[in-house]
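Features reported for this protein in Swiss-Prot:
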- GLU147: active site (ACT_SITE)
- GLU13, ASP97, CYS201, ASN204: Ca(2+) 1 binding site (BINDING)
- HIS146, HIS150, HIS156: Zn(2+) binding site (BINDING)
- VAL216, ASN219, PHE221, GLU223, GLU226, ASP229: Ca(2+) 2 binding site (BINDING)
- CYS161-CYS185: disulfide bond (DISULFID)
- CYS163-CYS168: disulfide bond (DISULFID)
- CYS228-CYS241: disulfide bond (DISULFID)
- CYS240-CYS263: disulfide bond (DISULFID)
- CYS254-CYS260: disulfide bond (DISULFID)
- CYS259-CYS285: disulfide bond (DISULFID)
- CYS304-CYS316: disulfide bond (DISULFID)
- CYS323-CYS373: disulfide bond (DISULFID)
- CYS338-CYS384: disulfide bond (DISULFID)
- CYS351-CYS361: disulfide bond (DISULFID)
- CYS368-CYS410: disulfide bond (DISULFID)
- CYS404-CYS416: disulfide bond (DISULFID)
- 10-206: domain 'Peptidase M12B' (DOMAIN)
- 214-300: domain 'Disintegrin' (DOMAIN)
- ASN29: N-linked glycosylation site (CARBOHYD)
- ASN74: N-linked glycosylation site (CARBOHYD)
Amino acid sequence: EQQKYLNARKYIELVIVADNVMVKKYTSNSTAIRTRIYSCVNTLNLIYSAFNTHIALTGVEIWSNGDKINVQSNSSVTLDFFGTWRETVLLNRKRHDNAQLLTAIDLDGPTVGLAYVGSMCNPKGSTGLIQDHNKLDVMVAITMAHELGHNLGMNHDGNQCNCGGNPCIMSATLDFEPVYQFSDCSRDQHWRYLIDNRPPCILNIPLRTDIVSPPVCGNYFVEVGEECDCGLPANCQNQCCNAATCKLIPGAQCEDGECCERCQFKGAGTECRAARSECDIAESCTGQSPECPTDDFQRNGQPCLNNQGYCYNGNCPILDHQCHNLFGAGATVAPNACFDFNRKGQGNSYCRKQNGVTIPCARKDIKCGRLFCVQGPIGNTISCQSTSSQDDPDIGMVDLGTKCGDGRVCNSNRECVDVTTPY
């Protein structure tokens, strides 16, 4: 399962914002700004093909009438403002995975870019700041690839890191020559980040109609006007696609996909995604498409694991399993006496937070707040174990949809309600 996730093609739906100083630098020529951005994205795709990741430019915003945040040379402050703007404004206007601010302001000191580390899909953190620091498109694109690398869990390369004797993308200092390779350290950090965090937003395939950059035959992504795209002719390894035209060969129905075999659609009814659990449903090919249908699951609220839980979005969340995940296989759910701490609303024991204030659980809701576990057999003394994280307030809390009583489950407000009501 882990290897399957790592091998799956990833897609980053990217929005690039050009600030008002960019507008002035290019004398209000929005076409020139867009052309530069398109060129940068083409280079990004060349670089990130090493990770089987496609960068889909789904939005370009040019602040022609003035900046929408306070853009200043202090890179940390500007990135903070931009992240907040993305979270509160841009995401409400347009769904996307990552946003980069391209500025013509001279950032502080030698800085030409800044980004949060390991933050892909985070509403504020999936952002970067790029200075338009070089006449060459490719040099700005490499800086963007570097900052995007931070978002994807990569740190700066140390002396022990290498990518074949040349400076690498994640080098701490900018080289004067274009570099296109990630180091062995970057690869390890990126895979570890994906395994540990599984950022959820980078698996869906963007709609062709959402992409704003001109179609490029040879970038491994099927865009408007193309039937297939297997890369440049010298690199194409797909017998179903004409790499020079990005059209299917005569007689071919498809290029690839879970329901495509030898250039033809698999027959209707061919299983393409097995059921992961009793709460999941197996999917089968339609005979009319190369793609496996959208992942579906049993109805929410259906009893599962011998009535220990109720199905929720394809899983069967129960307290014991959540204890195993947090504290290891020997951990089990704690007695009710531990969960009574949630009624106090002190420390990390509560049901929810409102405006930074912890709200204690009502008696009926104690098993929907902080999760408490115990290790090994329970003797005369009970040691209630729990965990929490400042970075992610949901870590250590009981999962949504968990059974909290007969015919009752935890809803999104951390209340224990009738199983027929929260869905």
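Each Cβ is built from the backbone N, Cα and C atoms, and glycine gets one as well.
Under the three-state DSSP scheme, ASN29 (N-linked glycosylation site) falls in the coil class.
In this view, CYS168 (disulfide bond) is surrounded by 22 other Cβ atoms within 10 Å of its Cβ, with every protein chain counted.
Shown in sequence order, ALA331, THR332, VAL333, LEU371, CYS373 are the residues of the chain, 6+ apart in sequence, with a C-beta less than 8 angstroms from the C-beta of CYS323 (disulfide bond).
Candidate binding-site residues: HIS146, ASN204, VAL216, ASN219, PHE221. Nearest to CYS285 (disulfide bond) by Cα distance: ASN204. The distance from the Cα of GLU226 (Ca(2+) 2 binding site) to the Cα of CYS161 (disulfide bond) comes to 39 Å. Note on proximity: of the binding-site residues HIS146, HIS150, HIS156, VAL216, ASN219, the one nearest CYS351 (disulfide bond) is HIS150, by Cα distance. Between the CA atoms of HIS156 (Zn(2+) binding site) and CYS304 (disulfide bond) there is a gap of 46 Å. Take the Cα of CYS260 (disulfide bond) and measure to each of the recorded positions GLU13, GLU147, ASN204, CYS304, CYS316: the nearest one is ASN204. Neighbouring residues of the recorded Ca(2+) 2 site, listed in sequence order and excluding VAL216, ASN219, PHE221, GLU223, GLU226, ASP229, comprise PRO215, CYS217, GLY218, TYR220, VAL222, CYS246 (Cβ within 8 Å of the Cβ centroid). Around CYS260 (disulfide bond), taking its Cβ as the centre, 19 other Cβ atoms fall within 10 Å, counting all chains. In this view, CYS416 (disulfide bond) is surrounded by 24 other Cβ atoms within 10 Å of its Cβ, with every protein chain counted. For CYS361 (disulfide bond), the nearest of the binding-site residues HIS146, HIS150, ASP229 in terms of C-alpha separation is HIS150. Cα distances from ASN204 (Ca(2+) 1 binding site) to the recorded positions VAL216, ASP229, CYS240, CYS241, CYS416 are smallest for ASP229. A strand conformation is recorded for CYS304 (disulfide bond) in the three-state DSSP classification. Compared over the recorded positions CYS163, CYS201, VAL216, CYS373, CYS404, the count of CB atoms lying within 10 A of a residue's CB peaks at CYS373.
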